[in-house]
Amino acid sequence: MWISIILKECSIRKRCDEVLASPLPYSAFTSSSVLAADFGAGYAKLNRRVGNGGWSPSDSDRYQWLQVDLRARKQITAIATQGRYSSSDWTKHYRLLYSDTGSNWKPYRQDSNIWTFSGNWNSERAVRHELQHPFVARFVRFIPLDCSEEGRIGLRVELYGCAYWADVISFDGQGVISYRFRQKKMKILKDVISLKFKTTKGDGILLHGEGQQGDYITLELQQAKLLLQINLGSNQYGSIQGHTSVSSGSLLDDDHWHSVLIERYRRSVNFTLDQHTQSFRTNGEFDNLDLDNEITFGGMPVSAKPSSGGRENYIGCMEAIHYNGDNITNLVRRRKVDTSSFHNLTFSCAESRTFPAFFNSTSSLQLLGRTDEDTVSVRLQFRTWNPSGLLFFTPLMPGGVEVSLVEGKVTVHIYVTLGKNTRVDISSGSGLNDGQWHSVHFLALESIAMLTINGDEMSTVRAAIPIQIRTGGDYFFGGYFPRTDLSPSQRSFQGCMQLIHVDDQLVKLQSVEQGMLGSFENVSLDMCAIIDRCVPNHCEHGGKCSQTGDMFKCACEGTGYSGATCHNSMYEQSCEEYKHLGRSSNTYWIDPDSSGPLEPFRVTCNMMEDKVWTTVVNDLPAQSSVSSGSRPEDKTVLTLSYNGSPFTWWVGRGNEKHFYWGGSGPGVQKCACGIERNCTDPRYYYLMPFSFYAGMLMYKDHLPVSQVVVGDVHRSGSEARLTVGPLRCQGDRHFWNAASFNTPASYLHFPTFQAETSADVSFYFKTSASHGVFLEILGNPDFIRLELKSATVVSFSFDVGNGPVELTVRSSTPLNDDQWHRVEAERNIKEAVLRLDKVHREARSAPPQGHTRLQLFSQLFVGKQFGASGGQRGFLGCIRVLKVNGVTLDLEGRAKVTPGVKPGCSGHCSSYGMLCQNEGKCIEKYNGYSCDCSLTAFDGPFCNDDVGGYFESGTLVRYDLMSESSSGVPSAVGNLTREELSFSFSTSHTPAVLIYISSKTQDYLAVVLRHNGTLQIRYNLGGLREPFTISLNHRNMANGQPHNVNITRQDRLVQLQVDHYPTVSYTLPETSDTEFNLVKTIFLGKVFETGQIDPVLIERYNTPGFVGCLSRVQFNRIAPLKAALRTGVPSTASIQGVLVESNCGASPLTVPPMSAVFDPWDPDSAGAQFPFNEERVSRDGVNRHSAIFGGIIAVVIFTILCTLVFLVRHMFHHKGSYHTNEAKGAESADCADAAIIVNDPAFTETIDESKKEWFI
């Protein structure tokens, strides 16, 4: 039934496609000129062969036109052109002008440009164009732009449309139409209001209605823009204001018809001006528009509230006024509404008295004035978007006067020639390039010059002229291009001028057009064709639009977006994305919908190994006091509830009220205690008086909390405080949303999307194939396609109606490497951009003329080109996080129900594995990956968080690699021929044992700080009488700064790197073993060990123990310090003493390294010999260049030591005793450690004598 009704209506409705021009008489056609009588304009009818087969002008220049008078206003829906019959004369391109009166022409516009139609390429074939924007006019002009190369301009035309009729009412600024309702008060749920208007005034009220409760609706012009203001009422508590204001259009004082349509249902409003629709919802929480008695058109009613006054009534014409089904203009004609305020009600529209001229950058208008006079007087009106341009220039005898617009100010330069060139400057006004009409009056009389802007005589600027003015008689408006000795600073002007007066006489530009007065070049007369390219504003996300006569640009500073139209978000979509860029926990800006309407906001990202937490903090201070209102019914931010009736609610994501609280759920209207029946007072199960309540809101579809409304705040003695905690979210379900395309014929499809003025597509892909179509969407003939063209080339192609455009980017490395690559494509009305992996970029500017709107209607095909047979160009591989206009498409969900496509994609580690640092292992997960840091000395999501601790005096960490009961059986570490030890430390205390690695044998490795703060590495692998030592003698490393140490041994080759200095190699002596046998225990900070211990360590470095920071300690794949600090993980690590977790040992340097010239550690230092330069150390570790000097010094030292030993033995006579340099008490001590304890009261360690352990 519904279908049949629609078909019936369509068959009855008359199509607006009648032939309009051909039935007209010969006299209805006029032209700028004719080549001959039989080439007249009246012969320019489509498919006619009379006369000479069409119209041809006398000249084929840009000033020719053909005009059709339709005898009445008609609606034009299509046009067609043809060349002159059987000739070489045709028109290839043309423009269209139209008018109601035959003057004040308006150019046909499309896609925000004066449209150029494609014409003919031969003399016979007719070319028809359906108008995207049909118009109503009586007069239509065709303006040929170019013609055939073989001939001249030739034209036959046709117009298609239908009759148009509407009642017209003229408003004089006094009369107001008052439409009174049948009822005194109206509660209106739905409104449909439409009208057309034309005016030369930039301000005036078109319609107004209001009610006693504060509701109102107003449509008015303000500075030639249309402003709709509507208020359905504010709530009684004042917390939600109902006023809503929306602006549309610009330059509406152009004396052309503009159509308005307002459609409202409840709070949803469509506001349409000249085919441009804005959709919005009104503020407040009410649905009805409550109006009293009447609604007025053309101004404010006499009964309007005083607050509504002070605004101008409308001056101009209106037609086709309809209000909720009533034809107001028809009711006025039939005297059915009140028009008593009109002095003279007329149903016609007066013809415009202005005759504007439109200038471009190549235009010039030359007019004649009086010669050899002492007065220069010029008045004119102008409107422009350009900040600078020439208004007029006139030569003097001698000198000249230039009046220009410079940075939005009118500036006068008076050039005076008195033997040497001088200039007098005056300026006035500001911001005059706002597109509005402004008047300028310049008067130079005798020796005084005056400049007046916008008729404000009080602000007239005056200046003295040093000579008597003598006019030259020529005046150049809008352009002066001759190269003369005296030329103006500005050469051209883009905009419109009208009402030009020279020598106080109005210049009749009609005479200029007819060639009777002055001359002009590239000036369009009787029209003002400037375009406001910033309305509608194509700068997105709050970008500021600025423009000139032929372009606009967007300032994106401070918006969080970038690009030609501020379309691209500068921030990632989530904390998850920041994590996979290698970022650590911190505060970041995120933009969840990317290029969508939601603004970026600041969050705290907590990057954990398996999760990413996002925390959003609100701006409400904790424990905010809820103030009482001035009236008992007032509500504030929080309230109490009594008898189960909710006086308190909160507003969430959908701007809806919610009456449940933390620990409860939607619809319950109780606190958690009300559900659990444990409230302090069982009478109150909502929010209880005199109680504290806290809980978590868990229903995410209602979050975040945007407002809390609190009532009953006026109760005597009541008090409330409110805290709204942060919003915490985990993960990003979009970031790993992926699909795998397993066959060339497999694809996914999604609904079409809007891409008229801007569109963006981004995704990740990985493949081993060398080609394939990522996605495609079609229009007619418009389309968008993204494709892998070859192993190194990605292509972005599209067509907006001007022909296909293709952008390509080429990668320096293959893209079919089965790793993730990111593609971003954007197209807007200014440019198209293609980016690959955020490195490669290609951009293409949009053409200045042509189609700009992309019309798409097909589904979006992902993984295949539409219509490609057999999947010839299908994509093989994975596509992930596909976003279209900021919205992530659910690839996984669609893949689950699509054959040939699988949800998800494996192999993330191939692309993201490098983010796992410090030898962390990348672990594949279904949605993403994680870094396994268990075999590293680091923590964090990327194994780059230092794990360290602060050691107090006497603290040690012990990590057992071999148990005591192993009886020498090798552990998992076993006998080593290769080991690597790395760590960082900082301290100011010496001496100290940093690290000691023991074994079941006498083998060990120790790193110690000596008394002077220098570092020493001690190796004993057996075979040597003394340990092999590496001493860094030229730097104090106990300077409180962090230092990094890395020691690597492979057989006899030992490599050492300290801090940022180059790695230095050493070689163990040939007599040394190469195996580190039966590695047993790792000690940090102090040694507490049984067995044979190097006595030097005991005597010199182990007391009182290391005080400072150790960090990132790792021996091969063992991290002893991390194991000791991570108590939740089973290990053989133990702590004695106080160890506080800290990464102070790995903090950045606070003192910059010294220059290489003076640094003794630098191998290229001229001031000192680097002691460990591998070029100067032989394979046995001996420096040959210093061997002789070392031998001499050794002999001297040996002689001195022998003498000292003899003296000591002789003095103490303790024959057979153990001689050491320990303090008094060593003689009676059982061992060296006991001697230390006797002489050091601060030493509080205890010794288990049965184990004979050493405290070193």
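Going from the start of the chain as shown, residues are counted 1 onward.
Each Cβ is built from the backbone N, Cα and C atoms, and glycine gets one as well.
Note that TrEMBL annotation is computational and uncurated.
The disulfide bond annotation in TrEMBL covers CYS878-CYS905. Neighbour list (CYS905 (disulfide bond), Cβ cut-off 8 Å, at least 6 residues apart, same chain): ALA738, ALA739, SER740, LYS766, CYS878, ARG880.
According to TrEMBL, the feature domain 'F5/8 type C' maps to 10-162.
Taken from TrEMBL, the feature domain 'Laminin G' applies to 168-349 (among others).
Among the features that TrEMBL reports, domain 'Laminin G' is placed at 352-528 (among others).
Annotation comment: TrEMBL describes 530-567 (among others) as domain 'EGF-like'. Under DSSP, residues within the domain 'EGF-like' (530-567) fall into helix, strand and coil as 0 helix, 10 strand, 28 coil.
Taken from TrEMBL, the feature domain 'Fibrinogen C-terminal' applies to 566-616.
Look at TrEMBL and you will find 737-905 (among others) tagged as domain 'Laminin G'.
Confidence annotation: the domain 'EGF-like' (906-944) carries a mean pLDDT of 86 in the model. Among the features that TrEMBL reports, domain 'EGF-like' is placed at 906-944 (among others).
Under the heading domain 'Laminin G', TrEMBL lists 946-1144 (among others).
Here TrEMBL flags 1187-1208 as transmembrane segment.
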Problem set entry | Considering the domain 'Laminin G' (352-528), which listed stretch of 10-162, 566-616, 737-905, 906-944, 946-1144 counts the most C-beta pairs under 8 Å | 10-162
For this session: With the domain 'Laminin G' (737-905) as the reference, find which of 10-162, 530-567, 946-1144 contributes the most Cβ pairs under 8 Å.
Result: 530-567
Seminar exercise, completed: Cβ density check for CYS878 (disulfide bond), other Cβ within 10 Å (all protein chains) comes to 23
